[in-house]
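Right, I'll just put the structure down here and ask away after.
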Amino acid sequence: MLSIQKQILEKLGICSDLSLLRAVLDGIPPRRDSKLLIKDLKVDEVPLRIYQPKWPPTGKRRGILYFHGGAGTFGSIRTFERICRYIAKKCDSVVVSVGYRLAPEHPYPGQYFDCLNATLYFMRNLEEYHVDPALIIISGDSCGANFATVICQILLNKRDLPKVRAQVLLYPGLQGLDFHLPSYQQNASVPMLFRKLVIYFCFRYLNKEPSVLEDVLQNCHVPESMKQKYKKWISADIIPDEFKIRGYVPQKSISYKPEVHEAIKEILAITFSPLLAEDSIICQLPESYIVTCEFDVLRDDGLLYKKRLEDNGIQVTWYHSESGFHGILAFFGYGIFSFLSGKKIMDSTVNYINSL
């Protein structure tokens, strides 16, 4: 019914699916917080909202960059206002929420540049915010966790900047190579992120028509040579058996379709799929905290990245929410509409940050 209503609104020129989704998910502004100093500014046209505890610091504080989720096409600073306020207060930290500009109006890969520019601004102005350069954390949820992962990889080449202390990745999406992993099969129809919606949003993010969506779902976009090259990192065989109990059927052999690859080849780039980065990059990354949710199509992306990091000697703290689903933190702080699992995720995240 919602799909039909959306089509009618588009035909009438009233709004598109994305503008409707943005309006619904923009969130209800919380009340003023007497415990926080909240400042809005723009850096290279990118909105930032900076949260600082009002009480005097006992020393220099942690600095946390937060990139929100929303498939690069929706979501905003306001959507995740409650999360950033909670972290700033509970962790006695300066939190910078980045309102990167959304696709398709601001074309891919512009979101990565927005996040990078915001990060560079903050890292070059730590004194102004009384932040310890040894305690910089880069974080995000969903596609925002993807952005955080890529920014951490890019910063390895910025020798003139402080070294990132940790990356905090909340149910990250990290690869566009295999949409038949166990979590994709088990949670194909689980709200809030259906399996087909993942591919649909990939097309919307890249401003392309989803004409070959079904072929991409079957992995027809991946050349055989690429499958062979990366199966050591992306394969159901690497996923622990405990995550196959709810059902998993190995995919039958399928034919590669060059026209499908051409239509969506961007999702196989390292920028879009940072899980494909070489070991020489992965082994230099900071300590990591990863959250996965059982009822999430992206669960296995997090599990595979956890293994890659650990195989390269990177310390990983992992929290798995047995009853969590993708996007659960969008409800955090909304009283009766929030979920206990979401609160547990946030408390675990806060405990990890406070341990650094």
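Glycine is no exception: its Cβ is also placed from the backbone N, Cα and C atoms.
Relevant sequence annotations retrieved from TrEMBL are reproduced here:
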type	residues	note
DOMAIN	64-208	domain 'Alpha/beta hydrolase fold-3'
ACT_SITE	SER142	active site
DOMAIN	271-329	domain 'Alpha/beta hydrolase fold-3'
ACT_SITE	ASP296	active site
ACT_SITE	HIS326	active site
Report the same-chain neighbours of ASP296 (active site): residues 6+ apart in sequence with Cβ closer than 8 Å to its Cβ, ordered by sequence.
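The list for ASP296 (active site) reads TYR171, SER183, ASN187, VAL190, LEU193, GLY324, PHE325, HIS326, given in order along the sequence.
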As a test of the contact definition, list every same-chain residue at least 6 positions from SER142 (active site) whose Cβ is closer than 8 Å to its Cβ.
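Correct list: GLY69, GLY70, ALA71, LEU170, TYR171, PRO172, GLY173, LEU298, HIS326, GLY327.
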Please give the average pLDDT for the domain 'Alpha/beta hydrolase fold-3' (271-329) in this predicted model.
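In the predicted model, the domain 'Alpha/beta hydrolase fold-3' (271-329) has a mean pLDDT of 98.
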Under DSSP, the domain 'Alpha/beta hydrolase fold-3' (64-208) has how many residues in helix, strand and coil?
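DSSP classes over the domain 'Alpha/beta hydrolase fold-3' (64-208) add up to 56 helix, 26 strand, 63 coil.
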Within 10 Å of the Cβ of HIS326 (active site), how many other Cβ atoms can you find? Include all protein chains, please.
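For HIS326 (active site), the 10 Å Cβ neighbour count is 27.
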